[in-house]
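Trainee: Would you mind keeping the following structure in view while I ask a few things?
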Amino acid sequence: CRFKPALAAVLIRFLQTQPQGRVLKACLRSLRILSRDKKVLGPLITDRALLTLAHLGGISHAPVPKEDTDVFWGTPYSLKRNRVAIFACHMLFSLLSNCLLFFSLLCGLTEKLNKEFQSASSPCGQFYALRLMFLLTALRPELRAQLKQEGGVPLLTTVLEKSLSVQWKEQYEVVLNPTAPPISVEDSQQAQEALKILFNITHNASLYRHLAAVLRHCLMVSCEEEEAADELKGHAVNMLSALPLSCLDVLVSVPLAPDSHQTNGANTDCVHNLLMYMERKLEQVKERLTPVLNSLTECSRAHRDTRHYLRQQILPPLRDASTKPEEGNTMRNRLVRLMTNLDTELKHCAADLLFVLCKESVRRFVKYTGYGNAAGLLATRGLLGGQRSKATSSGTQYSSDSDSDTEEYRQIKDRVNPVTGQVEEEQPDPMEGMTEEEKEEEAHRLISLFNKLSKDNMIQPMGLNEEGQLVPLSELRDLSMEETKSEEEHDDLENVE
């Protein structure tokens, strides 16, 4: 084990003698295996080692620092050898996750990608170049700004277009050819890396309508492998969440086809694919469910037609309330179950989507989810009192609320328990047969029990303040006494005058 660092240093020096063929590949393979051991990283994360590998990968022309040798690298002959460049890029990817990186490497990667698009030859190691670029922008925030200044967004959008064979029909409309072959695994992997980099550098960025159109295409195309298709859609959803809301109308502004899903003349094919992606993820309840929930929520807030379509699919008119809202396998049932999930972020995202689909109406929200499931979101927003939601942070204005109750629901409405959201069997009256004195005695006994529980700190009586937030009753009592005292002092002053 102690000889491994020395072996790594020797191999780096040997690479500067420009070995060729099988010898070069054997050196790179050996270094890749050594780089997996953190105890051996010392000689591999020096400027000399990294620039040597960058030369071999064709992503840097900076001179290698001289130590024990006077060898100077000219134009790297390895650029002509695709497999050598791929090996070198793979090595760099293994090393860069363990050390500080250089601005020059990012410039070299950008230059390499630009040259490959301008040349007619097939790209050499583009996947690893993109993965290195993602690692650079993920670890060093200052490199994100540099990549944006050097035209990173147009460059990576071009990578997406090339990987997905995008053909443009209008300014923001991509041709979707149903007879086109599925996207290959290699192309889908390159598209995923480009999306990951774009997510790093366009977070909170300005308008990117052109990119939104390409993302729509990512959500619509098919891949050779279902897993690759889901990966591509997942990264496209992440990217959508980083775009301004004003860009998202591109998703539904495509002309209708004969078999398109539509709402009020708007093409909702892309929204339908997002919904199907979310439904598949609902079966797994993994971390990737949160971004798609957020994307659907923001799309619903921003576009009325999107909200109408999603509401038809997730919250169709309620006709039966014989089971609890969280029981069953419909999308509504599964989303309501998420509202009580242990993952705080996930349950808030699920509740937000349903709340927006209800046009942020507390009455409608409780009707579809039950007050018990809705209490968390209502308490967070100060709506436990049942008042209408105030203007959202995005300034969303909803149309006037109409009576959406079906005839079947009106017949059972009075028998629905608002807490559970379910029609329950009528229970016998516990006070039946008691005289008024017995009822009064039972009430006093219950009050005494509650007071005892409160004094022993077993329960804490709560009430709603003016902002709709739950606060201890003692605070409400103190506040009420202060207001009464203030009013009395005001009246006394008026009498004096």
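All residue numbers here begin at 1 and follow the chain in the order shown.
Each residue, glycine too, has its Cβ placed from N, Cα and C.
Below are the features I grabbed from TrEMBL:
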COMPBIAS  392-401  compositional bias 'Low complexity'
COMPBIAS  407-416  compositional bias 'Basic and acidic residues'
COMPBIAS  423-440  compositional bias 'Acidic residues'
COMPBIAS  475-488  compositional bias 'Basic and acidic residues'
REGION    386-447  region 'Disordered'
REGION    460-497  region 'Disordered'
TRANSMEM  84-106  transmembrane segment
Trainee: Please report, as numbers and ranges, the same-chain residues at least 6 past the borders of the compositional bias 'Acidic residues' (423-440) whose CB is under 8 Å from any CB of it.
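Mentor: Apart from its flanks, the compositional bias 'Acidic residues' (423-440) reaches 321-322, 412, 415-417.
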Trainee: Restricting to the same chain and to residues at least six past its boundaries, which positions have a Cβ under 8 Å from a Cβ of the compositional bias 'Basic and acidic residues' (407-416)?
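Mentor: Contacts of the compositional bias 'Basic and acidic residues' (407-416) (Cβ under 8 Å, skipping residues fewer than 6 from its ends): 317-321, 422-424, 426.
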Trainee: Just give the helix, strand and coil counts over the compositional bias 'Basic and acidic residues' (407-416), going by DSSP.
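Mentor: DSSP classes over the compositional bias 'Basic and acidic residues' (407-416) add up to 9 helix, 1 strand, 0 coil.
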Trainee: Of the residues in the compositional bias 'Acidic residues' (423-440), how many are helix, strand and coil by DSSP?
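Mentor: The compositional bias 'Acidic residues' (423-440) comes out at 5 helix, 1 strand, 12 coil.
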